[in-house]
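> Sharing a structure with you now.
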Amino acid sequence: MMSVVSTVETVPRVTGTPAPSLYQRIRRVLTRDLLVTLALGQVLSLLICAISLTSKYLTDRFHANTPVFQSFLNYILLFLVYTTTLAVRQGEGNLLAILKQRWWKYMILGLIDIEANYLLLKAYQYTTLSSVQLLDCFVIPVVLLLSWFFLLVRYKAVHYVGAGLCLLGVGCMVGADILLGRQQGFGEQKLFGDLLVLGGATLYGISNVCEEFIVKNLSRVEFLGMMGLFGSFFSGIQLAIMEHKELLRVPWDWQIGLLYISFSAFMFGLYSFMPLVIKRTSATSVNLSLLTADLYSYFCGLFLFHYKFSALYLLSFFIIILGLVLYATSSTYVAQDPRVYKQFRNAGGQQATDRPPLSAGVLEPSVTYTSLGPEAGDEIPVRVA
């Protein structure tokens, strides 16, 4: 007779790590790099807020409607600092060498930047504040599309959701403006003013995408120096043609002079600091961060201009910040086609890279994908089948 003996082994209890707490999850999302990125974007928003406040004082308190002259002062500062820096450089980064290779491209970019500033400032004379705030968001889809097609940036679903939340926050802010009746500046040619805003936003999008390409592939000083050179030249011509009479009607005193100096200093700070933030992040991320600038202007207006308070503004602020956090939690990707990057950097038929030509019968990959980082060229490309 056979007896079967069965043994039951006790399975050892698995001692796994406990589930992370809510605080640990938040810390995992809100990393130091993300917080620094958000802070840099809000510094830009505060600079734009200061620009808006000084410009409002000039137009409302002193009736000085001189948008071209205000931009001209900024371009002169850029010329004195950055263009002269390029002039004393040696080698390929010298001013003459840059002009010899790429002068006409910077000339077009300078004209785009000048007219973007002019159109948006001019639009306030024809349309409502709410329309300017809402239609100015058109720069977001412009930057997204241009980055997709020309910078070959590829986005994830989380980026579109984050951008959508930011635009939702702006819609909430515009709704608060309408409920409180903040619609000063309503003109008879409202449609014309709205078209000015759309035109200015489009030009801003083009300028910002070009700026991202230049500061990431060439030089920040080169971009600012060329903006100072061509911006001061063409804005000076536009000033002499369109605003010389308006400039003579300005009631000059020390207060107006101080406002012009403050406006120029804030604009110079914005132009100097923005390339640093764009190089760290992207033109899309920067433009999403700038959506809070109108809210900062409103918060300052509560004390300076006695605006009415509404909780919708706080709600819109937190929605925009939430969208920024969501957008920044995931990195974008770049589909790098080497043939695209020959267009701007090389002139005179020079080769974009020093790689040896491929042997006969070997096809060159048209697209490679790398993660977006400070130096995309240092990462190993992954071939796409």
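Quick reminder: no glycine exception, Cβ is built from N, Cα and C everywhere.
Here TrEMBL flags 34-53, 73-91, 103-121, 133-153, 160-179, 191-209, 221-242, 254-274, 286-305, 311-335 as transmembrane segment.
Would you situate these features in the structure and describe their surroundings?
For the transmembrane segment (73-91), the residues of the chain that approach it from at least six positions outside its boundaries are 97-98, 114, 221-222, 224-229, 231-232, 235, 260, 263-264, 267-268, 271-272, judged by C-beta separation under 8 angstroms.
Proximity of distant same-chain residues to the transmembrane segment (191-209), defined by a Cβ-Cβ separation under 8 Å and at least 6 residues beyond the stretch ends, is recorded for 109, 112-113, 115-120, 122-127, 131-132, 135-139, 142-143, 146-147, 150-151, 278, 283, 286-287.
Within the chain carrying the transmembrane segment (221-242), a Cβ under 8 angstroms from the stretch's Cβ atoms is held by residues 68-69, 71-72, 74-83, 85-86, 93, 95, 98, 106-107, 109-111, 113-114, 118, 211, 214-215, 271-272, 275, all 6 or more beyond its ends.
Within the chain carrying the transmembrane segment (254-274), a Cβ under 8 angstroms from the stretch's Cβ atoms is held by residues 43-44, 47-48, 50-51, 54-55, 57-58, 62, 64, 70-71, 73-74, 77-78, 81, 211, 224, 227, 286, all 6 or more beyond its ends.
When Cβ-Cβ distances below 8 Å are used as the criterion, the transmembrane segment (286-305) is approached by residues 38, 40-42, 44-46, 48-49, 52-53, 56, 133, 137, 139-140, 143, 162-163, 166-167, 169-170, 173, 205, 208, 274, 277-278, 313, 316-317, 320-321, 323-324, 327 of the same chain, each at least six residues removed from its ends.
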> State, in range form, which of 34-53, 103-121, 133-153, 160-179 has the highest count of Cβ pairs under 8 Å to the transmembrane segment (311-335).
160-179
